[in-house]
Amino acid sequence: MGEQSKSLSELGLTAGSGREVRVTGLSVDSRHVKDGHLFAALPGSKVHGAEFVPFALRMGAAAVLTDRDGAAMIRDQLGDVALIVAEDPRQTLALAAALWFEVQPQICVAVTGTNGKTSVASFTRQIWRALGLEAVNLGTTGVEGAWEAPLAHTTPEPITLHRTLAEAARNGITHAAMEASSHGLDQRRLDGVSLTAAAFTNFTQDHLDYHASLDEYFAAKAGLFGRVLGEDGTAVINIDDARGPDMLQIAESRGHDILTVGRRADAALRVVSQRFDPTGQDLRFEWNGDAQQVRLGLIGGFQAENVLVAAGLAIASGIEARDVFATLPKLTTVRGRMQLVATRENGAAVFVDYAHTPAALETALKALRPHTMGRLIVVYGAGGDRDKGKRPLMGAAASDHADVRIVTDDNPRSEDPGAIRSQILKSDPDAIEVGDRAEAILRGVDALEPGDTLLIAGKGHETGQTVGDTVYPFDDAEQASVAVAALDGRVA
Ligand SMILES: CC(=O)N[C@H]1[C@@H](OP(=O)(O)OP(=O)(O)OC[C@H]2O[C@@H](n3ccc(=O)[nH]c3=O)[C@H](O)[C@@H]2O)O[C@H](CO)[C@@H](O)[C@@H]1O[C@H](C)C(=O)N[C@@H](C)C(=O)N[C@H](CCC(=O)O)C(=O)O
Ligand SMILES: Nc1ncnc2c1ncn2[C@@H]1O[C@H](COP(=O)(O)OP(=O)(O)OP(=O)(O)O)[C@@H](O)[C@H]1O
Ligand SMILES: N[C@H](CCC[C@H](N)C(=O)O)C(=O)O
Ligand SMILES: [Mg+2]
């Protein structure tokens, strides 16, 4: 796409002067501006992007998109550079990015919710792939499926998002399932994506470092149905969640087709019962009242909800329900989500899970109980520079649902790791405190007796421990196998 250029009107933009300019690319960061680019000077959480306009102009920007405040800051600096003033420049940028990159996979679906987005997006992609469709999922674990690539964010900013979708479409990928993070929705990153269906998993506390209140956090998520999903789209909603009915109402008011999931008697995809064993579960469910039974090779009761939400998205994408259900036994664990990573010689199992919210920790621990005859041991911590309110709630969840708890570090970032641990320990005072995560895992593995289970929570698929600005290589799954090998006298 190197030499391409487009006029402002081809990008749906109008300069204040009415002048038509051709641009050679889009940038949201002045440091990435190239000759002829449109620079989106966005109002930021720390600084207004308009501060960087002089630099963007030196880099060759041909047009600037900003809001009224930004325009007031830069009007006399622009010379003959085109100025586009928008009410909501983030949304305008998202729509322009969609037009710039031109194509996206024919079927795109998105999933929001506090927990379960990566799992649902991966399961949806796995269902499509099992039916021979070219499909990817995009989110926390990068681009996965027919094509693999890392992504810096769960929901990338619109330029990266549309570049990725266009590259996928040009390489023959017809189906994409993406995660819609609350940050991404709040910042309109997905507003240019044309969605066939969208899903809601659940809503509990997270990210109150970013959103001013739980209501604002919910409103951001609700934007997926209230704004992004078009009126002809299908809304797949978990109505068991306390906020499910609110989301349902929003979707109904937009005229979406509705597909409900849950245990409630009126759910279209209804969980009837589950039977757990060491390698997975048998799931009985109903589809519009018709009984179905499938074997799932997945640990954790909550995975059945995620699987049915994914099945709902696949049905909404135009596939026969019967064909969708036939693929479910083939679904495999998502990396770092209830992943069995090691087993001790005495049979005790070690799981890694990405539970990093109070509700996720509770869910993950409760999910392991039916698979555990002995004690449930957990190694956990909480991230630095993130929602501080989560910390005592995570302590309470662990103390309520695990028999032995080891509190350790999980990406302390710029904070004092000891201070984070003590905020957790306030509500889990009997937990053992071991700051060093590798040592904490070793202690957890060492404590395992026959019939016990160890859950290592919080980092899932992550491959680093961020302390200050430094990311040290760290992988929970690898540390668990090293610990088991060391203690059982085997080579890792
Ligand atoms: C908190 C947050 O989401 N910030 C996003 C936001 O930046 P901001 O408004 O805070 O930026 P700012 O620092 O105030 O700067 C304002 C503007 O000036 C620009 N700038 C800044 C410096 C410069 O030299 N030149 C320049 O042009 C910036 O690009 C920005 O547009 O807008 C930027 C441009 O779109 C994003 O890159 C940035 O994401 C940052 C990198 C980020 O880390 N976001 C995380 C928290 C995030 O989005 N996470 C979610 C949630 C994951 C989950 O569910 O757990 C995700 O989807 O990954
Ligand atoms: N349906 C669910 N209900 C409750 N907890 C869940 C559910 N699905 C997953 N979890 C828990 O949340 C953790 C994260 O799951 P997943 O990565 O799928 O969520 P996510 O929404 O993508 O998270 P993130 O916002 O960090 O990207 C899991 O490891 C598990 O502990
Ligand atoms: N996307 C989430 C992941 C948190 C994972 C946990 N390991 C942590 O660092 O807090 C966040 O950035 O809040
Ligand atoms: Mg995710």
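Glycine too: its Cβ is placed from the backbone N, Cα and C atoms.
What TrEMBL records for G113, T114, N115, G116, K117, T118, S119 is ATP binding site. G116 (ATP binding site) falls within neither a helix nor a strand when secondary structure is assigned with DSSP, and so counts as coil.
Among the features that TrEMBL reports, meso-2,6-diaminopimelate binding site is placed at R386, D410, N411, P412, R413, G458, E462. In sequence order, H356, Y380, G381, A382, G383, R437, G458, K459, Q465 make up the list of same-chain residues 6 or more apart from D410 (meso-2,6-diaminopimelate binding site) whose Cβ falls under 8 Å from its Cβ.
Taken from TrEMBL, the feature domain 'Mur ligase N-terminal catalytic' covers 23-70.
Sequence annotations record features per position, and here TrEMBL assigns domain 'Mur ligase central' to 111-314. In the predicted model, the domain 'Mur ligase central' (111-314) has a mean pLDDT of 95.
Under the heading domain 'Mur ligase C-terminal', TrEMBL lists 336-460.
Sequence annotations record features per position, and here TrEMBL assigns N6-carboxylysine to K221. Long-range Cβ neighbours of K221 (N6-carboxylysine) (same chain, at least 6 residues apart, Cβ-Cβ under 8 Å): T112, G113, A180, S182, L185, F200, F203, M247.
Secondary structure of the motif 'Meso-diaminopimelate recognition motif' (410-413) per DSSP, as helix, strand and coil residue counts: 0 helix, 1 strand, 3 coil. Summarising the annotation, TrEMBL assigns motif 'Meso-diaminopimelate recognition motif' to 410-413.
Only N115, of the recorded positions N115, K221, N411, place a Cβ under 6 Å from an atom of ligand 2. With a cut-off of 6 Å between Cβ and the nearest atom of ligand 3, the binding-site residues G113, N115, G458 reduce to G458. Long-range neighbours of E462 (meso-2,6-diaminopimelate binding site) (same chain, six or more residues apart, CB within less than 8 Å of its CB): G336, N411, F474, D475, D476.
It is P412, among the binding-site residues G113, G116, P412, G458, whose Cβ has the fewest other Cβ atoms within 10 Å in the structure shown. In this structure, none of the binding-site residues from G113, N115, R386 has a C-beta falling under 6 Å of any atom of ligand 4. Of the binding-site residues T114, T118, S119, S119 has the largest number of other Cβ atoms within 10 Å of its own Cβ.
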